[in-house]
Amino acid sequence: MNINGTKYYDTGDNAWMMTSTVLVLLMTPALAFFYGGLVDHKNVLNQLFLSFICMGIVFLQWVLFGFSFAFGPPVSPGFGSFGWSVLRFGESYNPNYSPTYPLLTYCAYQGTFAIITPALISGAIVGRMKIIPYMIFIFVWSTVCYDPMAHWVWGENGWLKQLGTLDFAGGTVVHILSGVSGLVASIILGKRHDYDPRGTPAHNLPFTILGTCLLWVGWTGFNGGSANSASGLAALAVINTHTAAATGLVTWVVIDAMRGHVSISGACTGPIVGLVAITPSSGFVQPGWSILIAIIVVCIVYTLLLLKKYMRFDDTLDVALIHGCGGVSGAFLAGMFSQQWVNEAGGFDGAFYGRPVQLWYQIAGILTAIVFAAACTAGILLPLHWTIGIRLAREDEMEGLDVSAHGESWEVAASRAFSKFVKEIVEEYNNSANAQNVEENGTIALQYTSASGKQPAITIPFPSVKGLHQPPPKHHAGADKQESSSVSEVIRF
């Protein structure tokens with residue numbers, strides 16, 4: 001391989017950038033857990049898969065031509081080229097993108113950003129999009145939407161970078177693009193058949209807490225690695241990142257407590273909003289401003305979520321509000337509080353420090369990202385909708401994508417464990433003294449009795465042991481075994 005320029009490499013910088021690459025890559029499975037815990041139990045595996053598949057499709061696209069489109073030898077201020085397709089530049093020295101470490105490291109680092117951005121969109125389309133159209137969408141969207149926007153904002157001659165738009169780590173490129181695209185996708189797909197404007201019942205909040213913590217850790221590389229070196233600027237970005245996350249968590253919990261209860265899902269949302277808010281300015285502002293930025297954006301997003309029930313679209317996991325509105329607010333506030341002395345190489349003074357024109361540059365980047373993301377998403381999904389179809393059939397949607405799309409269910413393991421538990425109880429009973437022999441193939445019944453006692457008891461039978469793997473029987477009410485419509489489905493273990 002070409003190793004020209006090795007003398008310029010700094011092993012500390014290279015180690016930090018490779019570590020940051022791992023941290024940002026970790027954020028995609030972390031996002032899968034974050035989203036997976038918030039969806040209905042029938043769509044858990046599918047939601048995990050929607051993030052997981054991006055690690056394959058998007059990175060393959062990135063190696064083939066995505067990196068070249070975004071950062072390759074430019075043909076204009078708007079586009080890269082095929083010049084670096086299939087990464088045929090070796091370990092060559094590049095003074096613009098990786099002045100102190102191999103360009104391959106920079107490619108890997110930026111590739112992790114490309115992976116997580118379309119994965120964020122999946123939270124807006126929970127439980128109603130076909131798998132094949134989704135995979136086609138993320139491949140095409142990464143090519144025509146993400147790659148050009150990354151070039152405009154971060155490319156050596158990108159027109160937004162030349163204009164003066166500040167985006168240290170992806171407020172416009174990652175969060176606004178994914179938020180707006182999620183909103184447009186949810187509108188084109190339409191609402192779920194079982195849509196509840198009050199929200200989707202979270203089936204596994206421990207998943208979400210785990211995902212939140214891993215996202216928080218991974219964001220260290222997301223923002224800190226964007227300093228492009230193991231330097232004081234990286235330290236500043238890391239401090240601002242964790243300060244904003246902590247502020248977001250505390251602010252959300254305090255607001256919840258003032259309203260009467262502290263929700264776990266809200267406590268997980270708070271730090272994510274704080275992290276989204278500080279991303280575009282993490283390398284341009286002093287730590288004190290990261291506290292204020294996080295408080296402002298958390299209050300904005302919290303208010304919008306309270307108004308969600310009046311909105312006419314089904315953005316299932318609030319991608320448009322958290323990432324779209326959070327990204328817009330954070331990008332705008334970067335133009336307020338940035339200081340050039342904090343980042344002399346790439347920063348500018350903001351409006352608060354006597355340069356209000358920076359706000360207009362930020363607005364230009366924000367509007368560009370909004371319009372471009374909306375146009376690209378609609379331009380991809382509508383032809384797919386008119387040709388191969390993107391929306392699941394009602395029956396498949398109600399059954400859940402775990403079964404209808406993947407033919408599997410995470411609940412099988414729990415069912416087998418429960419079956420084994422019942423078998424052990426039966427064996428222990430049969431081995432006890434004076435016990436009558438009990439067959440292993442039977443049913444377990446749960447009984448529901450209303451508090452008032454005015455309604456007859458409802459007995460819900462469950463298949464056990466061998467019968468546990470058969471289709472569940474219908475519900476019966478009382479001793480007369482009449483079917484009851486009071487219970488909608490068998491309780492799952």
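Any Cβ shown, glycine's included, is placed from N, Cα and C.
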TODO: Looking at the candidate ranges 262-282, 409-429, report the one that TrEMBL labels transmembrane segment.
DONE: 262-282
Open item on the list: At a C-beta cut-off of under 8 Å, are there same-chain residues at least 6 beyond the transmembrane segment (103-127) that contact it? List them, or none.
Closed with: 14, 17-18, 20-21, 24-25, 27-28, 31-32, 35, 39-40, 42-43, 46-47, 50-51, 54-55, 58-59, 61-63, 66-67, 70-71, 87, 89-94, 97, 134, 137-138, 141-142, 146-147, 150, 170, 173-175, 177-179, 181-183, 185-186, 189, 192, 200, 222, 225, 228, 315-320, 323, 392, 397, 400-401
TODO: Would you mind listing the long-range same-chain contacts of the transmembrane segment (262-282), meaning Cβ under 8 Å and 6+ residues beyond its ends?
DONE: 34, 38, 166-172, 174-175, 202, 205, 208-209, 211-212, 215-216, 219, 222-223, 226, 236-237, 240-241, 243-253, 256, 289-290, 293-294, 296-298, 301, 318, 322-323, 326-327, 329-331, 333-334, 337-338
- [ ] Take a look at 15-36, 134-154, 234-255, 288-307, 359-384 and tell me which one has the most Cβ pairs under 8 Å to the transmembrane segment (202-222).
- [x] 15-36
Open item on the list: If I take every residue in the domain 'Ammonium transporter AmtB-like' (15-409) and average their pLDDT values, what number comes out?
Closed with: 94
Open item on the list: Restricting to CB pairs under 8 Å, which listed stretch, 15-36, 234-255, 319-339, is in contact most with the transmembrane segment (166-190)?
Closed with: 319-339
